[in-house]
Amino acid sequence: MTAKPNIAVIGTGGTIAGKGEAVVNTAAYLCSVLGIDEILESIPDAAALANLRAEQLLQTGSENFGNEHLLAIGKRVAQLLAQPDIDGVVITHGTDTIEETAYFLHLTLKSTKPVVVVGAMRPPSAMSSDASLNLYDALAVAAHPSSHGNGTLVVANSEIHTARDVMKGNSFKLEAFRSPYGPLGYVIEGRPHFYRRPSRAHTVETPWSIDTLVALPKVDIVYGYGALGSNVVDFIGSGAHGLIYAGTGNGNVAAHLLEPLRRLAERGVLIVRASRTGNGIVLRNGSQPDDEYGWLTVDDQNPLKARLLLTLALTQHSDARALQQVFARY
Ligand code: GLU
């Protein structure tokens, strides 16, 4: 019989650590109150999958996570992955921003060991909570050899998603997570089934290492709409190194916002045209003359993913051509 894998479990809070007053409280409850040991106690069957080593790193809603939280989580995960007797890491996390933390780890960890970020849409105290099954599934994925080399994964609702693509697309339903090209696979009865692999570069193939990252440059997002005031664009862009403009449709920019965005670009703020649809390609020099304005465009990254990618890219490049290539590679 082969030895069981050793999986480190990091608690950070969220609904998976939440508690409601009554079983009917599926949406109104306190978040981030159960410790990671308590959460794991509710799934004794997980002991058959792996030897678990739990630790509480944070205990807060993921809506509070800034760049410093991402760095802290990443550095701790990297320390654990570097230990020869650790085979994988599971992070329990609020679902609100799981897609951002997971993508940050996907781009900065230097290991092929599985890292799985997991949350729940209903607290463990609620009727038909997804907390214990999601966590059991996440442990099963982290413990399985087929998960190696796939970068950071998000497990929810019996699906395995790549961190690059996954996004939260519903505020309360159990099937809240989707990837534009579908999940990588399913998990059922404690076993992952993969059908696809991530094709864009990640983890060991990226130039960013969590071990050497210290402070991250400020990149902000502006959500575009026709009534948006140019003063808002000026204000948000003025303190940033980069600005993701989440335009309508194919990254369209309202006529009265061209001037403030061009002014920001002239002052050295990197403007990236993205789409507020959260899906599809933004065509360079399509709806705007990006070359003329000195703007960048995303490939298919939604504004949240684009913010993280540009943040990391700016730690190494200032040249617009090199920065543009980053969107095509990751
Ligand atoms: N505040 C929570 C968070 O950490 C709520 C969402 C959840 O975990 O489902 O994101």
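Backbone N, Cα and C define each Cβ position, glycine as well.
Per TrEMBL, the feature domain 'L-asparaginase N-terminal' maps to 6-199. Per-residue pLDDT, averaged along the domain 'L-asparaginase N-terminal' (6-199), amounts to 98 for this model.
Thr15 (active site, O-isoaspartyl threonine intermediate): 30 other CB atoms within 10 A of its CB, across all protein chains. Summarising the annotation, TrEMBL assigns active site, O-isoaspartyl threonine intermediate to Thr15.
Marked as active site by TrEMBL: Thr15 (among others).
Within its own chain, Thr95 (substrate binding site) has Gly14, Thr15, Ser62, Gly119, Ala120, Met121, Ala156, Lys168, Ala176, Phe177 as residues 6 or more apart in sequence whose C-beta sits under 8 angstroms from its own. Marked as substrate binding site by TrEMBL: Ser62, Thr95, Asp96.
The secondary structure of Thr95 (substrate binding site), as reduced to three states from DSSP, is coil rather than helix or strand. Positions annotated as active site by TrEMBL: Thr95 (among others).
Marked as domain 'Asparaginase/glutaminase C-terminal' by TrEMBL: 218-327.
With a cut-off of 8 Å between CB atoms and residues at least 6 apart in sequence, the same chain places Gly14, Gly61, Ser62, Glu63, Lys168 near Asp96 (substrate binding site), listed in sequence order.
In terms of DSSP helix, strand and coil, the domain 'Asparaginase/glutaminase C-terminal' (218-327) has 44 helix, 21 strand, 45 coil. Residues Ser62, Thr95, Asp96 are listed as the substrate binders, and the farthest two of them sit 7 Å apart at their Cα atoms. A 10 Å cutoff on Cβ-Cβ distances gives Ser62 (substrate binding site) a total of 24 other Cβ atoms nearby, all chains included.
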